[in-house]
Amino acid sequence: MEMLVSEGSQIAIAALLGAFHGLNPAMGWLFAVFLAVQKDDWRVLIYAIIPIGMGQMLGDGAVVLLQTIARFQFPLHIVHLSIASIVLGYGVYRLFRYFRHVKWTGGLKVGYGQLLLWSFLAASTHGSGLLLSPFILGADHIADILPLYLFHELAMLTSMTVVAFIVYHIGMMKIRKYIVNFDLIWAVLLIVVGLILFLMNVNMGGEMPGHMH
Amino acid sequence: MAKWVGTDPTFYPSAKSAMEAPREKLGYVALLQPDALGVIDLDPDSETYGQLIHQLLLPGEEEDELHHFGWNACSSALCPTAFHPTLERRYLILPGIRSSRIYIVDTQPDPKRPRIVRTIEPEEIKERTGYSRLHTVHCGPDGIFISALGSGDGDGGPGGILVLDHFNFNVLGAWEMDRGPQHFSYDFWWHIAHDVTVTSEWATPDLFENGLQLDALLQRKYGHKMHFFDSRSRKHLTEIDFGDQHQMVLELRPAHNPKKTYGFVSVVTDVTNLASSIWTWYQENGKWDVKKIIEIPAQPAEPDQLPPALKDVGAVPPLVTDIVLSLDDRYLYVPCWGTGELRQYDVSDPFNAKLTGKVEIGGIVNQKAHPNGKKITGGPQMVELSRDGKRLYFSNSLYSSWDDQFYPEGIKGAVVKVDILAEGGMEIDPDFLIQLEKGRAHQIRLDGGDCSTDTFCYP
């Protein structure tokens, strides 16, 4: 639990999770590459990643915001148990349905608005915002959460952009065998985080570190 | 077991990359009378090369009539909004065109001995989709798409497209939200990067199931249009009428390069002169249009050489009923089932096709033998091309009741291999001929995919 207490390591973990999230082809870079190769123009990568990034930030942001409001508006013990159950439950659900995702009916010939909407749906249903729940529940002030969120998103955008450029240049053909099963890994991560939340609850006797002092 | 790393090695981002795929080792072929899925050995290093090595007999008591079939998944699983890294090209989806039953056949663990893992009964298809008489299968983005020629009740229309879930094969329902004036159905495919789905028109079951109806044909009652749908809203956008003398608009072969907005479509017969034709459909200034690029004339013949169905017309129609486009969008292969020819056209310029090769085999009047000396009944019909574009395989039966009209002496099922020469032209491989003891052969599918199985999202 020690690592969860230090602010620096919290930010590092949030950023790592964000970077990992950005590597997932289903979260945006593949769409950006697709659009860029249709036009045969690398600049399209940038034009696409802007709305995709915004969609991701809004999607994650919505999930983080909901948790933050709950954390500071309602009794912590109940919120903690509820979020733990949601995270674990969603993880178990994803474990059996990891291969499915939001069915997108907006097509492939998309504008900025649709790209933003697609990205928002992909991010919010993916549960990456839920992975930040231990930090949100452990935070003393709302202000503590903001840097976590920002570094998470910044790392996500960075890894997404870097991968998009690499794949645009070397081609999908060369990297298809290195694509890991992100969806299954996310399901496992959600379950692990859900279990950590329950353990935190037991260890702290229902109280969070932030409430000890 | 769930896969942790890598996508199916037979999924390729682009048609260009798929051309580098390893050579096919096995082929699957739809057999009828009796209905079976045949496995043919295409590995030249194998002892059983060029032989039918297995037949999976279907339990449908001969009411199925196998025709076309396809894979559960293909390169479209690499598309960005329908990215499915865990899907595998593993199951063959086998519809019975007559029964409307679907067999889900697993090609694992032994691809030489596929086995039925699920059967979807006609009642379920009809009830859930309102369709019957299933035809083309495409592994699409986010599902398995199957065209249907008839409505759920009776022998009429409309036909359309239905969708199966590509993970559990459940029947999801009819695809169209608004079919507009579309009534006849046959083939379909899409310009995936442009969100456009195209469909073509053969006829409703009452017009084809008991044979070609010559009266109806002369009255121009078969399909003569193609349709464009918005793939997102699944609504009809527009139709193109080829003119009602152009009867039966069949195979649709959009350019494999997703940037392109053109494709090739075959028309069986022009009732004014019995010619078959190939047309290019294309988009210009946002509007879709078609242009005839190839016309293959009928060949005059003496009445005593002709089957009863053709006695009065005194000619053999080419009856082009399948086409295939190489993955580089360069060569279009056109089998003429009536006249017994296979033609190769260079369509690098899609509006200016150049005949670059021709082989003759079978045919109603020609009856040209295989180069190994054996007699071939029927003519080149279903064609399939290897991904590298170097080998073409074809079978010789069209559709049971139509076979009997044009080849009344009967058709003995065969699979023939044609070698494609590097700079155009082709030769029938004299050392390769699969002839069935019993039954007929229709569509051929190559393991790992071929030139009419996959949709590519990247140019």
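Glycine is treated like the rest: Cβ placed from N, Cα and C.
Note that TrEMBL annotation is computational and uncurated.
The model shown is predicted, which means the values in this text are computed figures rather than measured ones.
Taken from TrEMBL, the feature transmembrane segment covers A:12-37, A:44-66, A:78-96, A:116-137, A:149-171, A:178-200.
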Checklist entry - Near the transmembrane segment (A:12-37), which residues from the same chain, at least 6 beyond its ends, have a CB less than 8 A from one of its CBs? => result 3, 43-45, 47-49, 52-53, 55-56, 101, 108, 110, 115, 118-119, 122-123, 126, 128, 131-132, 135, 148-149, 151-161, 163-164, 167-168, 172, 179, 182-183, 186, 189
Checklist entry - In terms of Cβ proximity under 8 Å, which residues at least six beyond the ends of the transmembrane segment (A:149-171) contact it? => result 11, 14-23, 27-30, 32-33, 36-37, 42, 45, 49, 52-53, 56-57, 60-61, 64, 128, 132
Next on the checklist: Short question: most Cβ pairs under 8 Å with the transmembrane segment (A:78-96), which of A:44-66, A:116-137, A:178-200?
Outcome noted: A:178-200
Next on the checklist: At a C-beta cut-off of under 8 Å, are there same-chain residues at least 6 beyond the transmembrane segment (A:178-200) that contact it? List them, or none.
Outcome noted: 1, 4, 17, 23-27, 80, 83-85, 87-92, 94-95, 98-99, 101, 126-128, 130-131, 133-134, 137-138, 208
